[in-house]
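The structure under discussion appears below in the form of structure tokens.
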Amino acid sequence: MSDGKVYPVKEAAKSRALVDKDQYMAMYKESVDNPDAFWGEHGKRLDWIKPYTTVKNTTYDRNNLSIKWFEDGTLNASVNCLDRHLAERGDQTAIIFEGDDPADSRHVTYRELHQETCKFANALKSQGVKKGDIVTIYMPMLVETAVAMLACARIGAMHSVVFGGFSPEALGARIKDGGAKWVVTADQGVRGGRPIPLKKNVDAALNNPEVSTVEKVIVVKRTGGDIQWQEDRDVWFHDIMADASVDCPPEEMSAEDPLFMLYTSGSTGTPKGVLHTTGGYMVYASMTHEYVFDYQQGDIYWCTADFGWITGHSYILYGPLANGAITLLFEGVPNYPDSSRIGKVVDKHKVNVLYTAPTAIRALMAEGDQYMKQSSRESLRLLGTVGEPINPEAWEWYYNVVGDERCPIVDTWWQTETGGILISPLPGATDLKPGSATLPFFGVQPALVDSDGNVLDGATEGNLVILDSWPGQMRTVYGDHERFILTYFSTYPGTYFTGDGARRDEDGYYWITGRVDDVLNVSGHRMGTAEIESALVAHPLVAEAAVVGYPHDIKGQGIYVYVTLNHDADPSDELKTELVQWVRKEIGPVASPDLIQWAPGLPKTRSGKIMRRILRKIAANEHDSLGDTSTLADPSVVEDLIEYRENA
Ligand code: WTA
């Protein structure tokens, strides 16, 4: 499978890139042989208030786990993103804002972004926010969202951005876990021409008596639409900005002080607050942004992610701005007003680097080439993808149609937990194979292990682990360090376990095969099966539920739900529709089940554990390869399920 087509490094990419193949190999070797010297040198890419004297202090021993980088250095992330650029490029664009409406766009310079950030930082202080506090940000894709994140960084508060597509229940659970006293939101968002009721969702989240910590809700006016107002709690962003000073000295942060937390789904339990700290994260985000996208001054760079996900944090905001880049911020969606939008935005702003997700590529591909052909896209130099495995057909279409066979594609594999890209081609150094994330970034030591944890050599397939720490790695699960150790460092002791499976070919290239745990990847969005199951069983008519992924043409994975109803419930189509609505309300539209199947019983072992392997096979219509079912408590349920499959 690995011997598909190879796309050798392009001359144009090589002649401008920071590193070619030989330099990549030499630097990689140095980075793993001598991490202290390597990162000691590259850590200098940031401006430090007090320079570090130690670099790497890490151990993956689970009894003694410790991950510290640059620990005696001090710095401020917002200074690295803003202040240090002012002298040289204060009047250069930092952010190009492209609104949902194609007629709505504007440029924000580094100086303007600095001023707005300082003002909002002072405004936050006036609302009582201090170093170490948590501020929840539930926002559309606006310049004000970037300002809010940077303002938190400036005063040493942690931001916790919650994706605007999550429901009030999901938002409330995330506020409650961290205990935030402040929420920053907008009256409404706008996507695809439709309003999103963000403030209304916040009101609903805070109506739950269990979500009791919030004292102030700061509201950005985006649409001017009708909203409810609670005098003692709600404040307008523009009101507190009006009299805020532009002078806000940055907080001096230790390298290991938290920068932000961001919730992500795991295979069990509620979403985890992934905590990233300041020094290592900023070094790693900015360095990967520069090398992977071969970012050079003046390039126009566009990552289509949302601030609600890690890609938005590392590769719209922190990485690019630390590098003094021009970063495009898109409020809309790829198919509004129609599917020519991405290409048209590329032409309008002369975008050089486009970084998006396989699900978006597949959706545009399904619309046909004519939409893409409505733009010239001649400014493009490099394409990137992230979030899920890209199938070779989608890769080829991205390469041939979007990039006109001119632009290399960097398929970047990483995770919320990793802070930045771990496995990816470098455009001037790496020959490409469609569907492979290729080779590790500097300092990253991937390995494949079998189910007993034995490290496998050569061309093989196994569970993907990382053998040693890199600066951008998460430091803990907020409020639950034990869970951090248990989730990532206990499955294969002495390594960081990614939860992904991968194959390695004879050239040492990695091919990510997807999650090996109970995490789904739906349109590049991570979701725990356990979360969706617990939402379902909260419905009064549901006795039991099991959720698995199944192959889906556009989304990569779809959500397949097996539901056992209470005996008096009527298994009707109306009830299926109601359950879909129920899950949307409990979690959000991203978690909408694609298919629901009534299940008279679920396949369980004698000890009561649901055998998901069998459910996955039935959902994928692979009835002939169910494997061993003899350990089931009641093997006959499988036949029933196959029969019911027809009606899903
Ligand atoms: C998957 C997103 C294949 C993988 C940055 C990982 C990928 C999960 C790729 C993390 C890729 C991400 N090829 N699979 N290039 N990139 N994944 O935390 O399963 O939202 O574990 O971070 O997405 O998703 P997360």
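Cβ atoms are placed via backbone N, Cα and C, with glycine included.
Annotated features, as they stand in TrEMBL:
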type	residues	note
DOMAIN	24-81	domain 'Acetyl-coenzyme A synthetase N-terminal'
DOMAIN	83-466	domain 'AMP-dependent synthetase/ligase'
BINDING	R191, G192, G193, R194, T311, N335, S523, R584	CoA binding site
BINDING	G387, E388, P389, D411, T412, W413, W414, Q415, T416, D500, R515, R526	ATP binding site
DOMAIN	531-609	domain 'AMP-binding enzyme C-terminal'
MOD_RES	K609	N6-acetyllysine
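In this structure, G193 (CoA binding site) belongs to neither helix nor strand by DSSP; it is coil. Ranking the recorded positions R584, K609 by the number of CB atoms within 10 A of their own CB puts R584 at the top. Taking a Cβ distance under 6 Å to any atom of ligand 1 as the criterion, the binding-site residues R194, T416, R515 reduce to T416, R515. Per-class residue totals from DSSP over the domain 'Acetyl-coenzyme A synthetase N-terminal' (24-81), listed helix then strand then coil: 26 helix, 11 strand, 21 coil. Within 10 Å of the Cβ of T311 (CoA binding site) there are 25 other Cβ atoms, across all protein chains. It is 14 Å from the Cα atom of R515 (ATP binding site) to that of S523 (CoA binding site). Candidate binding-site residues: G387, P389, T412. Nearest to R191 (CoA binding site) by Cα distance: G387. The shortest Cα-Cα distance between S523 (CoA binding site) and any of the recorded positions G387, P389, W414, K609 is the one to G387. Separating the Cα atoms of G193 (CoA binding site) and G387 (ATP binding site) is a whole-number distance of 26 Å.
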